[in-house]
Every structure is written in C-alpha cells, then in structure tokens.
Amino acid sequence: MHTKNLFYSRTQQITQYLSALLMMVILTRTSISSAYPLFAQQGYENPREATGRIVCANCHLANKPVNIEVPQAILPDTVFEAVVQIPYDLQLKQVLSNGKKGGLNVGAVLILPEGFELAPPDRISPELKEKIGNLYFQSYRPNIKNIFVVGPVPGQKYTKITFPILSPNPANNRRAHFLKYPIYVGGNRGRGQIYPDGSKSNNTVFNATASGRVKKIIRNQKGGYEIIINDGSDSNEVVNLLPPGLEPLVSEGESIKLDQPLTSNPNVGGFGQDVAEVVLQDPSRVQVLLFFFASIILAQIFLVLKKKQFEKVQLTKINL
C-alpha cells in the first residue's frame with residue numbers, strides 16, 4: 001500500500017513538472033515568434049477601435065512614425081502595391097525577454113476597405129514578388145479577407161513591407177462602388193511594454209510600489225534584482241522584483257517615494273499608425289476623360305491650322 005502511494009506521488013510530481021516545462025516552452029515560443037499579432041488577434045475582434053486607434057498601441061506605449069504609400073487611383077480587379085515603411089535606427093539594440101540585447105523586430109497590421117483583399121499568387125508579377133521577399137501575410141481572422149498582419153520579422157531586412165492588394169470589381173461585387181476608400185495601417189518596431197493581462201514586460205520602466213528606504217538590493221543568479229523597501233516599520237517590508245535586463249537606479253539606504261522609477265526606460269522601439277486614400281476608378285469615366293482631353297488637343301491643333309491659313313490669306317491680299 002505504501003509503495004502504491006509512493007508511486008502515485010512520484011507520478012503526480014513528474015506530471016506536474018512536465019506540464020510546467022511544456023507551459024514554459026509554449027510561453028517562450030509565443031513571446032519570441034508571434035508576439036504582437038497573436039496578442040491582438042486573441043484579444044480583439046477588430047484591430048481598429050471606434051475612436052480610430054489601433055489596438056497594438058495598448059501594449060506598445062511609445063509613439064513612433066509609420067508611413068503607407070498607395071496609388072492615388074486604381075482600376076477594378078487590379079493588383080497594386082501598399083508599401084508600409086517602419087523607419088528606425090538600425091544600430092539600436094533592444095532588451096530581449098531573456099535579458100540579453102538583440103536586434104529589433106518589426107510587424108504591421110493592414111486594414112483594407114471591404115472588398116479589397118490580398119492578391120492571389122498567380123496574379124502577382126515577378127517584380128512584385130521580389131519586393132515582397134519571404135514575408136508571410138496572415139488574415140486577422142479566418143473569415144475576414146480585408147485585414148492582414150505580418151511579423152514579427154527582422155527589422156534589419158524589413159523596414160519596408162510591401163503588401164500585394166487586389167481591388168474589387170463592382171460589376172461582380174455589389175458592395176463595391178467607385179468611390180474613395182481609406183486604408184489604415186499600424187506598425188511597430190521592438191517589443192511591447194505591457195502584456196494583454198496588464199503585466200509589464202522587461203522592456204519598460206519599473207516603479208516603486210511603496211515609499212520608504214531601500215533596505216537591500218539582491219542580485220538574482222538567473223538575472224534581475226530584488227529591491228527590499230522598508231516603509232518605516234520594522235516588520236513591514238515590500239519586495240520589488242526587477243526582471244532580467246534591467247538595472248536599478250536606486251541604491252541601498254536611499255529614501256524613495258511611491259511610484260518613483262527604480263529603473264531607466266530601456267525601450268527603443270514604438271508603435272505608429274497612418275492612413276492613405278485610394279480611388280476606385282470607373283474605366284468608363286477614364287475613357288470619357290481621355291476622349292475629352294483628345295478633343296481639346298484636336299481643337300487646339302485645328303485652331304493653329306486655321307490661324308496659319310488665315311495668315312496666308314492675309315499675306316496674299318497684301319501682295320496683291
């Protein structure tokens with residue numbers, strides 16, 4: 001009986017250990033390989049709020065520029081480029097989740113008007129394929145064809161991201177019209193500062209959770225620090241944990257206040273959003289416009305010829 005209980009206890013311990021190990025692997029892979037698109041997709045049905053704010057800004061707190069370039073006008077059922085630029089200093093290094101320094105990744109979310117979608121591979125020209133490179137565009141939702149995310153990808157290689165877009169044809173799509181449409185984009189470089197559950201990453205400032213005097217600063221073997229704050233009473237101590245990659249600004253014996261920064265801000269990245277407009281042009285209107293321009297040019301030519309003919313007649317009368 002004792003042997004059976006011991007076997008059951010050991011089995012339970014091994015199961016718990018393997019479960020914890022598996023969870024750590026999943027979390028580690030998630031945070032590295034699919035951080036920002038995954039967080040947005042899991043937490044929000046639509047990446048653009050009613051206020052116009054793109055939800056990526058909830059985790060990436062710093063504001064940085066992002067630009068999008070599209071043609072001014074396009075014809076129905078036509079493939080065109082939407083070029084997203086995410087500029088930053090390529091020499092910068094960020095704090096990684098393990099506390100080490102590394103290069104910045106970039107990512108983007110593109111919100112197209114309804115009816116616009118990603119161009120199928122057989123419609124993409126070789127020149128456009130070369131601009132796209134090895135990027136993989138993922139639908140924000142399986143049933144949504146006009147919102148796409150890409151990344152994280154190495155920023156050293158992809159500060160410019162080219163999306164191949166296929167315009168709708170109002171003749172086949174009743175929801176499409178010959179109008180001016182907005183295209184929204186959000187792009188970030190670097191890791192976020194806040195996780196979806198509200199907890200901080202090691203890529204942001206950590207503040208004191210209590211006022212008092214710094215009693216002790218302990219450096220952990222696996223990285224990070226424990227800052228022990230005494231609030232004035234002998235028995236009440238508050239421990240502030242700093243994750244790996246952050247260095248304390250305070251020292252032992254120093255008096256600090258509530259919410260005082262314990263670290264500097266390590267973040268070198270940020271998020272930004274932009275909007276561009278594209279006109280879905282009616283081909284018949286283009287033909288009418290071309291005919292109008294051609295008629296004006298012909299009228300000008302006939303006017304010049306008529307003027308020269310009149311001058312010849314006048315010159316002949318003078319000679320007579």
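Including glycine, each Cβ sits where the backbone N, Cα and C put it.
Per Swiss-Prot, the feature signal peptide maps to 1-35; the stated evidence is sequence analysis. As annotated by Swiss-Prot, heme binding site applies to TYR36, CYS56, CYS59, HIS60, with the evidence given as sequence analysis. Under the heading transmembrane segment, Swiss-Prot lists 286-306.
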(request) Look up CYS59 (heme binding site) in the DSSP assignment and report helix, strand or coil. (result) coil
(request) Quick one: of CYS56, CYS59, which of the binding-site residues has the smallest count of other CB atoms within 10 A? (result) CYS59
